[in-house]
């Protein structure tokens, strides 16, 4: 890590400035939401594993999204819960960098998986006759591996650039966890290179994918409008609207945090948005896909029927 970085051996996570009673209340609320998030995503993984009808490319990528959401939440939320009931809110330098690395890795991978899912919907609706040929299991595996590899490669670049910086104090991270922009503010050196790489990465995993998804959904909308039957249009809209809800939540918040110019007034807002990303988004994704997806509901009903027989 270098001799300069030994100047600061641990950071203090400031978190929310609340009363002790409010922090205890939030501890129980966030704990319940975190457990529910793990259970909901676990149910989706279980249904996809058990029901052969769900062994399709769409649900293959949905299972990856569920794994990412569970990992994403587990990287940040447990430490945040401990800090809500513990006055000593320190985190050592290496765990802090590791938390940043995993946070960025899972976030970038989720962006790329969402793009792949939109491509899957594009092929399914715009080229239904060629769907099984185009979306072969080999291509699905390549797309999934590429998404994970690119996401964590970008995260590794950020981590390496962060490790080269000297941290000589202050050591208070004004955030709920070791979020990269908040940690960079504590560096005792020029962070312009880090900022440029973050901006370039945002273009790669946020702006470009969002543009690709907008183009694909314009094609999808045009194809849906040409479907003759009302039932066919309703089914197509149902599967696409679920994905659009998830995309809107994830990309909207990420672009607000990383692409809007920084200011002191935005620090508390960024904490709330990051909390939404880490806790609420992993909980909402399975709800959106299960409540708006007839196949998922039918699969859950069949599994519950087998259990009661």
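Heads up, the Cβ atoms here are built off N, Cα and C, so glycines get one too.
Remember, predicted model here, so these are calculated numbers, not experimental data.
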In TrEMBL, which of 97-119, 166-188 is tagged transmembrane segment? 97-119
What stretch in 25-47, 97-119, 139-163, 236-260, 272-291 has the biggest tally of Cβ pairs under 8 Å against the transmembrane segment (59-77)? 97-119
Interface check, the transmembrane segment (25-47) with the transmembrane segment (139-163), three or more C-beta pairs under 8 A: no
If you average the pLDDT over the domain 'G-protein coupled receptors family 1 profile' (40-289), what number do you get? 87
